[in-house]
Amino acid sequence: MPALRSWFSIPRGSHFSLANIPFGIISTQSSPTPRVAIAIGDHALDLEAFAAGSGFSALSTIQPHQAVFSQSSLNAFAALGRPVHSVVRKYIQSIFDADTQYPEVLKTNSTLQKQALLPLSEIQNHIPFFIRDYTDFFVGLNHAYNCGVIFRSASEALSPNYKHLPVAYHGRASSVVVSGTPIRRPNGQILVDPAAAKKEPTYAACKKLDFELELGGFICKANNMGEPVSINDAAEHLFGIVLLNDWSARDVQAWESTPLGPFNAKNFGTSISPWVVHSDALEPFKTNGIENDAGVLPYLKEKNESHFDIQLKVDLKPQSSTSTTIVSTNGKHLLWSYPQMIAQHTSTGCPLNVGDLLGSGTISSTDRSGFGSLLEQSENGKVAVKLSGGEERHFLQDGDEVTISGVCGSDEDALVGFGQNVGKVEPALKI
C-alpha cells in the first residue's frame, strides 16, 4: 500500500509515521500531570489538550468518553475496546492526512497546534498502563532450546510440555519501569562453586547480570473469573505491543529456581518502551511464527497466524566506549502467539484485567547474532562477546547501557516502530 501523506512534517525514517499512531502517557515541565498522547514524527499530540480544543468535534463516538484522555494511564481508554480504539486511531490519521476532511480541526488551527503538538524532546514519558499483574511467558523456542543445551543437554533441552502449551511464570508488576529508568544490580544468594559436595551459598552482588530481548503485550479487555477466553476471540483482548527487557540475575536464578522457578532473579527490574503500538497498526505485519510440529490441542489452535514481523535489535554501550549492535533478530521467532498466550492464561478461568502485561519470553533466532541474551551468546560465560573498541563481555558490567529497538516495514515513509527501550546498569548497593 502507498504510504499515507501528511500535511504535518514527519521525518523520513521516523518510527512514528502516520501508519503507526502509538499511544502513551506524557507530561511536561509546564504541565506536569501525566495524560494520554500519541506519537507522530518527532512530536507528541497531547490528546487531553486536543480534546479540550474541540479536536474530537468530528468524531461523535468518542465525545462522551473524552475524559479518558486526562487519565494518568491508558487503562480507561483501553477499556473502551478495540472498536473504539480503531475509530480513534483512524480519526487521528485522517486529521493529519494531507487531504484531511477536517482542516479546521488542526491543519489550519495554529492555536491548537501550539497547545497540543509538543516536541518529543520536551516531554517526559511515563509507564503507559497501570499494571496490576505481569506474566512472563517462555515461548521463544530457540532461546528455550539454547538454555536447555547450556544447563542440560541437546537431547533434554526442551521439557516434554514445551510444544504443547505456552509455558510461563508470574512476574512482579511493581518493578516494571519505563525506558530510561536505571536498573540497579541486585544482591542475592549465589552458589559460587556448584561442583562442591556441600552446597553453601554466599550473599553478594550478582555477577551474571543479563538482558532479555522480549515483546510485551497489554490487555484491553477483561474476562470474568471462571470464563476462559476462546482462541477465536483472544485477539480482541490485546491492546498493543511494547519492547520489553526482563533483566535477569543468572547466578541468583541458577541457585533459587529449583523447584518453583524464577523469583528474586527476575523481580528487581523489567523495562518497557513508552509508546504502545496498537494491534491495528501491526495488522499488516502479521506472519507465521515458528512451526509447531507437535499436536496443538483444539483450544489453542488458531485459524490464522498472528505473530508479528518486527525487526529487533539490541545495542550494548559500555560507559567508556561506543555502542555495538550485538543482537539482530525478528519478532516472528516465537512458537506461540499472543492470542495463544491469552487463551492459555485464561484456560483455567483465570481473570485477566485491563492493563495486565504479558511478556513473550526471550526472542532468539537460530544463529548466534540473533541470540536475545548474553547467557546464550556467551554460553553462560564461556565465550567472550566482542564489542567495538576492543572490549568484551560475558555478562553486563556496571555502567553498561542496553538499548532495544524494533520496527516493522521497510518504507521509510510508513514505518511502524516502537522507538527505543533503554536501561543503564547501576552498581549494587553494598550490604
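Note that Cβ sites are derived from N, Cα and C of the backbone, with glycine treated the same way.
Taken from TrEMBL as is:
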ACT_SITE  H143  active site, proton acceptor
BINDING   D136, E212, E214, D246  Ca(2+) binding site
BINDING   F138, R152, Q253, T362  substrate binding site
BINDING   D246, K266, T270  Mg(2+) binding site
DOMAIN    19-128  domain 'Fumarylacetoacetase N-terminal'
DOMAIN    159-406  domain 'Fumarylacetoacetase-like C-terminal'
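Fewest other C-beta atoms within 10 angstroms, among the recorded positions H143, R152, K266, are seen around R152. When the CA atoms are compared, the recorded positions lying within 10 A of Q253 (substrate binding site) are K266, out of the candidates H143, E212, E214, D246, K266, T270. Within 10 Å of K266 (Mg(2+) binding site), counting C-alpha to C-alpha distances, fall the following of the binding-site residues R152, D246, T362: D246.
For the pair F138 (substrate binding site) and E214 (Ca(2+) binding site), the C-alpha distance works out to 10 angstrom.
Per-residue confidence over the domain 'Fumarylacetoacetase-like C-terminal' (159-406) averages 97 (mean pLDDT, predicted model). Within 10 Å of T270 (Mg(2+) binding site), counting CA to CA, the recorded positions H143, D246, T362 contribute D246. Spread of the substrate binding residues is 19 Å (greatest Cα-Cα distance among F138, R152, Q253, T362). Sequence-distant neighbours of T362 (substrate binding site) (same chain, 6+ apart, CB under 8 A from its CB) are G140, H143, E212, L213, E214, D246, G372, S373. Taking the mean position of the Cβ atoms of D246, K266, T270 as the Mg(2+) site, the remaining same-chain residues with a Cβ inside 8 Å of that point are D136, G171, R172, S175, E212, L244, N245, W247, S248, N267, G269, G359.
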